[in-house]
Amino acid sequence: MDLLQSSYAPDGASSPEDSAAASSPDSSPLRLPSKSAAPAVDDTALALSSAASAARPLDPSLHLVAFNPTADQLWAPILGPQHPHAPISSASGNRNHKLGHVEDAAVLPFLFDEQYNTFHRFGYAADPSGLHIVGDAQTQAPEPDTVYNLAPSEHKRRRLLAKADNQEEPAPPEAKNPASEEWILHNKQSPWAGKKEAPPAELTDEQKQYAEAHAAKKAEKEARGEGKSERTEVVVKTTFHGKEEKDYQGRSWITPPKDAKATNDHCYIPKRCVHEWVGHTKGVSAIRFFPKYGHLLLSASMDCKIKIWDVLGSRTCMRTYMGHSKAVRDISFSNDGSKFLSAGYDRNIQYWDTETGQVISTFSTGKVPYVVKLNPDEDKQHILLAGMSDKKIVQWDMKSGQITQEYDQHLGAVNTITFVDNNRRFVTSSDDKSLRVWEFGIPVVIKYISEPHMHSMPSIALHPNSNWLAAQSLDNQILIYSTKERFQLNKKKRFAGHIVAGYACQVNFSPDGRFVMSGDGEGSCWFWDWKSCRRFKTLKCHNGVCIGCEWHPLETSKVATCGWDGVIKYWD
């Protein structure tokens, strides 16, 4: 211990007396001197650099600064001479706009409207700072009035003063005569007050020639019945294209052949195109085989014409029916095929005689019919149902021509009508994405089917066993509903793979019920197996949309398709 003390003792305390005094119990404790373990560093350069950086101005063009500048350095004005073409600004060091420094100011919309309306009404307003008045305010008023704090009486007084200041000299007596020019100048009620009407200018020779030519064209159109005020009546015409309307035995050309019968109970998928019917100038919207026999094929087109084609014999067009002024939307045969219905966008429903091509009767409600159907019962073939664009299903008695019933529950245009349950009920689909089931003759819905996930169903087909409905849904699938009491969705059967979104492609069954088929928006015809729901085959049929497909009622492997390319194809 003594050795340790002696090593730390100062030079003047090396005597034995001092040592004894230091080691005595009455003496104060030993205090060791502070020692730094850090090596000696020369901070002269650091002091010089910090002094230089504090005095040195900051170059605003630098992207990297080697020292920490102060706030005064950051916002200091740029040193050096001003650029001769640069705008002079006192806040050049704190510039956030090309013209200087712009500060945000928040003004309540009410305060702004108050000062704005005050300025336009009285000619003065308060500065946004609230310290000054802009405009012609009374200097004696410490706080000038605004439009919102003036009393109604003061408003009225100022309005009268302004009216008196602007009062003009009294109007002359001629101003009371509306036929005079003075009345036009002084009458404040006239929209032409203060304006003097100029006499009509003379037309130039070129303008006169143009007016005469326009009047001659208008008169010519009115003479032809093309004026807007007159509604032209479509002349019903028909043309027979066959060799003769009756054969040597006196049988009509629509009489089915006696040997026409089903050759096989099983249907087969067609493989190739065996014939094309070309005659329509625009897209074909619907095709229907002759009932039970299928020896004739009826087609409706967007070229306003309906044609019927021979299927078994010459395979040519037999007759053309022209009675619509706009595109034909739907067609439907009667049970025996001797008559058929057509619905067009000209808002007319025509009832045609298939053999002669004459229109038996015409029906219209002023709305566009989207679907037409006759009651399938033999004793009710005179009853017509039509789904209209005004959300109604209208029922006509064609014998009297009167509307006997209206089914008005849908919220959108009606797309399909399908009879079920031995024709005692019918199912309708609409643009409102719902299915409704009706008792025939009673305008009350007995079943309403609508789910959030449902889409519009523009085509519905009845299975040959009458137990199922196939509905073409616009979310690219075919849904199956039961025709029993509850009309339930069969979740186990669903046919998908085709693209039909946006198109009312027809869905159909084979006569034996083993296959489901449908057109699609890409021109193909799809075939599915009914039991397994698997895709069986896809045929590329048309260049545009394949809108319709029909299975021949007797020939078990033949299918007709139509598309928007105007062609009808026959497949085997």
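Just so you know, glycine gets a Cβ as well, placed from its N, Cα and C.
Unlike curated entries, TrEMBL annotations are predicted automatically.
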In TrEMBL, which of 1-37, 334-370, 371-407 is labelled region 'Disordered'? 1-37
Contacting positions for the repeat 'WD' (539-572) when only residues 6+ beyond its ends and CB under 8 Å are counted: 260-278, 280-289, 291-294, 297, 299, 301, 303, 309, 311, 315, 503-506, 508-512, 517-525, 527
The repeat 'WD' (277-311), counted residue by residue under DSSP: helix, strand, coil: 0 helix, 20 strand, 15 coil
Do you know the mean pLDDT across the repeat 'WD' (277-311)? 93
Using DSSP, break the repeat 'WD' (321-362) down into helix, strand and coil residues and give each count. 0 helix, 23 strand, 19 coil
